[in-house]
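Here the structure comes first, spelled out in structure tokens, and everything after it is commentary.
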């Protein structure tokens, strides 16, 4: 059986050798060129392949049509991936009649994604393993062929566990590859309800928070011990790395981060003390804990600390236009939770952001983007990342005020985009799920799905086409003038501060707010055209975390990308949403303050929105780009989101209004 292998790292070497030992004919091996900035402590697949006389390649983009054609010419019967770092396209996966199979370093479906070796130690797991699974478009989600468990000892660190996993992988492959070669390939679907997903880890993730439990700090030390970058802290401005540690249960009442003793070197955590066995100051040598204390000049009672803001670097300045809106105020909260961000914002109101107005890293001006163009241009020039979030985004306004929608959503935002081009600033632009229009795909793919809208005499499409045209203009500026951009497409985000009941009273709100108003006022819940339209509802916390990761832009992976942000698992019709909302309303402790439920009322869309309206039957995102670029997976169930949103609005109704 002819195989093509994609491999890297020690696991790649183990995989290649196991495939050879099982009697496969390896037509070619694809690997990566080593990164000079990376600590390459592991075996070289390219050297192994060269020594075996097997053709080996390291293309920058193996999914390029040229390489797809070359792999097709090899006519593989089967494809294996052993710790190859890039996802393979569906075109490649479909080239092998027997299928494509990946070796993953966890017991799937747990710990999908990146760095499972480190994450299981961070989380204090007692068991992990390796899994061989069929490759599908979605990373780590294919049917399981075989797996092998590995116990994690309390004294295991990243390197010892790595060696255990390599040994387990070799045993697993030795047992299953001969069977697969005979055409007998086991296939067990993964249970999606048990799936967990983890993203890439960065060196800066090793920063110790001494306010965490001592077991958490110790597990972090284990997870990133050499040859990984290490867990670290600061004494004043001096950085030091902890390479090994042990848990001491008694912190002697000391505050977290306090040095309890220097010989042995022990530091207080939230519920105990960490004894530092070995470590190093700055770029020095590794020494025992007591010598490290001498080097750092530590004495009992000294307090270790977090680094100076951004380790001496200027904070990242984020400009949010429409900062008082639903996305803007939640994003502001997320950014201000990080020390290295400063937020500048403008909006015509400040009710939702009042809690930030005295924050030293929040700078707000009340104003209209269509008037304060000089302020906006100055702050685009001043800031690092620009988010133009101002838009009219409620369906009834598309038919009521189509020209105003075009003027604000397109013309005003185009001016901001041109400022970003002029001053070479990165823009994170809110596209919309509406751009997909009446697309017939089962799930909407950012890079492949057609964008289909209705006729000109249906003004409800003015919002969709305004956003779509801006998407295309931004893309063109990126291609022709080097604009750094990311387009994100929210799919029905919900949560507290979504909009207001007053907006719902004039019909200018999102669907759930309108439904809540009906319950609050004791009026019938209106189901437009029966409420059978399906949407995928996404919790604002999930959405904001994805958006935050776009702003962080780890490894510049979001540059030039379009990213859907939605929860495909939370698909429900508007009628189902209303039923769930009613159930939550009846169970709410404030239920007794509101009128009886007035029932459901089916209403034609024409009578509600006007003759210019046209609806879509479903809107479901593919989130593969978000998984790949952000290491992100939505996790919050729709019921939780509905209950939190309902609670926020019910508690916003004052007592007198409830009684009336």
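Backbone N, Cα and C define each Cβ position, glycine as well.
For 1-304, the entry in Swiss-Prot reads region 'Formyltransferase ArnAFT'. The site 'Transition state stabilizer' annotation in Swiss-Prot covers 102. Sequence annotations record features per position, and here Swiss-Prot assigns active site, proton donor to 104, 619 based on sequence analysis. Summarising the annotation, Swiss-Prot assigns (6R)-10-formyltetrahydrofolate binding site to 114, 136, 137, 138, 139, 140. Residues or ranges marked as site 'Raises pKa of active site His' in Swiss-Prot (evidence: sequence analysis): 140. The region 'Dehydrogenase ArnADH' annotation in Swiss-Prot covers 314-660. The NAD(+) binding site annotation in Swiss-Prot covers 347, 368, 369. What Swiss-Prot records for 393, 398, 432-433, 460, 492, 526-535, 613 is UDP-alpha-D-glucuronate binding site. Taken from Swiss-Prot, the feature active site, proton acceptor applies to 434, supported by sequence analysis.
Recorded features from Swiss-Prot, shown on the structure.
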| residue | record | Cβ contacts under 8 Å, 6 or more apart |
| --- | --- | --- |
| 102 | site 'Transition state stabilizer' | 80, 81, 82, 132, 133, 134, 135, 140, 142 |
| 114 | (6R)-10-formyltetrahydrofolate binding site | 198, 199, 200, 201, 631 |
| 139 | (6R)-10-formyltetrahydrofolate binding site | 87, 112, 113, 624, 627, 628 |
| 347 | NAD(+) binding site | 321, 322, 323, 324, 325, 328, 353, 364, 366, 367, 390 |
| 368 | NAD(+) binding site | 348 |
| 369 | NAD(+) binding site | 321, 322, 346, 376, 388, 390, 412, 416 |
| 433 | UDP-alpha-D-glucuronate binding site | 444, 489, 490, 491, 492, 564, 566, 619, 621 |
| 532 | UDP-alpha-D-glucuronate binding site | 573, 574, 575, 617 |
| 535 | UDP-alpha-D-glucuronate binding site | 491, 492, 571, 572, 573, 574, 577, 618, 619 |
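Residue environment of residue 104 (active site, proton donor) contains 26 other Cβ atoms, counted within 10 Å of its Cβ in all protein chains. Residue 529 (UDP-alpha-D-glucuronate binding site) sits 35 Å from residue 138 ((6R)-10-formyltetrahydrofolate binding site), taking the Cα positions as reference. Across the residues the record lists as binding NAD(+) (347, 368, 369), the two Cα atoms farthest apart are 8 Å from each other.
By a simple count of nearby Cβ atoms, those within 10 Å, the most crowded of the recorded positions 137, 138, 526, 619 is 619. For the pair residue 104 (active site, proton donor) and residue 136 ((6R)-10-formyltetrahydrofolate binding site), the C-alpha distance works out to 13 angstrom.
With the fewest other C-beta atoms within 10 Å around its C-beta, 529 stands out among the recorded positions 140, 434, 529. Considering only the binding-site residues 136, 393, the Cβ with the fewest other Cβ atoms within 10 Å is that of 136. Averaged across the region 'Dehydrogenase ArnADH' (314-660), pLDDT in this predicted model comes to 91. Taking the C-alpha positions, the distance from residue 137 ((6R)-10-formyltetrahydrofolate binding site) to residue 434 (active site, proton acceptor) comes to 25 Å. Using CA atoms as reference points, the recorded positions 393, 434, 526 were checked against residue 136 ((6R)-10-formyltetrahydrofolate binding site), and the closest is 434. Calculated from their C-alpha atoms, the gap between residue 526 (UDP-alpha-D-glucuronate binding site) and residue 138 ((6R)-10-formyltetrahydrofolate binding site) amounts to 38 Å. Of the residues the record lists as binding (6R)-10-formyltetrahydrofolate, namely 114, 136, 137, 138, 139, 140, the two whose Cα atoms sit farthest apart are 16 Å from each other.
Across the structure, residue 138 ((6R)-10-formyltetrahydrofolate binding site) and residue 393 (UDP-alpha-D-glucuronate binding site) place their CA atoms 31 angstrom apart. Under DSSP, residue 347 (NAD(+) binding site) is assigned to a strand (E or B) in the three-state scheme.
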